[in-house]
Amino acid sequence: MMSHTETSLGAENTRTHNFITQIIDEDLASGKHKSVHTRFPPEPNGYLHIGHAKSICLNFGLAKEYQGLCNLRFDDTNPVKEDVEYVDSIKADVEWLGFKWEGEPRYASDYFDALYGYAVELIKKGLAYVDELSPDEMREYRGTLTEPGKNSPYRDRTIEENLALFEKMKNGEFAEGKASLRAKIDMASPFMVMREPVIYRIKFSSHHQTGDKWCIYPMYDFTHCISDAIERITHSICTLEFQDNRRLYDWVLENISIERPLPHQYEFSRLNLEGTLTSKRKLLKLVNDEIVDGWNDPRMPTISGLRRRGYTPASLREFCRRIGVTKQDNVVEYSALEACIREDLNENAPRAMAVIDPVRVVIENFESEAVLTAPNHPNRPELGERQLPFTKELYIDRADFREEANKQYKRLVLGKEVRLRNAYVIKAERVEKDANGEITTIFCTYDPETLGKNPADGRKVKGVIHWVSAVNNHPAEFRLYDRLFTVPNPGAEDDIESVLNPNSLVIKQGFVEQSLANAEAEKGYQFEREGYFCADSKDSRPEHLVFNLTVSLKEGF
């Protein structure tokens, strides 16, 4: 596993070096290409996840680095699973990450007429045929990794027959599954992808871009390479599972009349992040079964989920930079992702105080009300100061008080002193409990001479705890998020529900300081001694503040 022993954020603009940049450098030096043109080609059948962020940063990053172009293209060849909701979310995610595509977004469906023409060209060259094997029969004829496939009985139809049948497919004269157009290559090929794959199938489904114009749709492997060539993509970059598909990519382009030079496909290792799931099918099941609160649930590995959790674009870009681009599959520790957001927020997030599990404190010798000031960031004076109302009654966190404690406990103990953050030293004098023995109130005294300085008599007060006024505050809901799964590789589990973490969300009710009344959604704060939080973009509002835990203050805290 890759650890996160890295330098802090800020290396975004340094020159990257990997096997792809080496290829590009050679291509530009040799004159093979005069410029760089990449693309990010998601299928709009789900929300983008952290793995897509790596691909986005790579493709858009290369275009930026080489002063080239990067297209956003939707590979929308399966109308059954696709939706405009996903199109819109993908555009929003790419822009939020800080990237802008070349021109308007493109769609593979923009090229359906051209793709149909290229399919006809293959038929005329004797390189494609209409097959009427059922899907089950086709699987049976395909063979195995150790046995060659068998030719379809429909393989030797004449060009004229195939042209007429393909026209019938286009006109809706075949039912779904009753006919398909296949590439005519080699059923004995050692590469399964080359055993005469289907390149067009019938689907009587309305398409989100083309409506009901088509009832035949091209397959991904046929569409993708031609779309790259139409758009004059120079370097078509995808993940390693498409390595064998490159043979079909090249075969299609070499056998049609399309402008040269042809694009070339390069593969890199996909992101495998410890403890997360990136299968769209399994993520969709979590959403549909209401195990999570939609695609943007803060526990989801989606870009929109990470955004709602409080991750920043800079932290995700930095994470992608650190993990790099290789051809070797590896698993990245989740702590590497957390380190990036923790460093970002430590440097940039304003500080505030929040009491998540409150217990009441009464300062018996404090009769007035004071307004104290505190810096918004200890190392960033330009971020200014905030006012903290200090009142007779306060809230502190229940975990910050004990009636008895050993010397290692540096918080408030009965009969002993502690400093309140940005305020005075107080001493716990006595407690009040309810019928169940639960402490309801801690009665204290304060030392008025200790605001911003140590006690005059030299006594040592070692602990510091945070607090919120019990009078001037805002009630808040705190959503304490943890990992969604209890195992490092949930994708390998047949039943993902069996490895769900029952404590992936714990909800607490407490209070935040007055300055957070209008906390901006998704803006990160360090709640001192608690963690990094942000206001929830979906549920938080001034009359009902909701804060999401983004990440703990320290690794493994």
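Backbone N, Cα and C define each Cβ position, glycine as well.
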Among Thr14, Thr16, Thr21, Thr239 - the residue Swiss-Prot places in the same ATP site as Glu43, Pro44, Asn45, His49, Ile50, Gly51, His52, Ala53, Lys54, Ser55, Arg270, Leu271: Thr239
Swiss-Prot annotation of motif ''HIGH' region' - which of the ranges 42-52, 295-305, 427-437, 537-547 it falls on: 42-52
Rounded inter-Cα distance in Å - Ile50 (ATP binding site), Asp75 (L-glutamine binding site): 19
Contact set, same chain, for the motif ''HIGH' region' (42-52): CB under 8 Å, 6 or more residues outside the stretch: 74-78, 81-84, 86-87, 89-90, 93-94, 208, 220, 270-271, 273, 276, 278, 280, 283-284, 295-296, 300-306, 316, 337
Which listed residue (Glu43, Asp75) has most other Cβ within 10 Å, given these are binding-site residues: Asp75
Protein Cβ atoms within 10 Å of Asn45 (ATP binding site), excluding its own: 17
Cβ-Cβ distance under 8 Å to Tyr220 (L-glutamine binding site), same chain, at least six residues away: Glu43, Asp75, Thr77
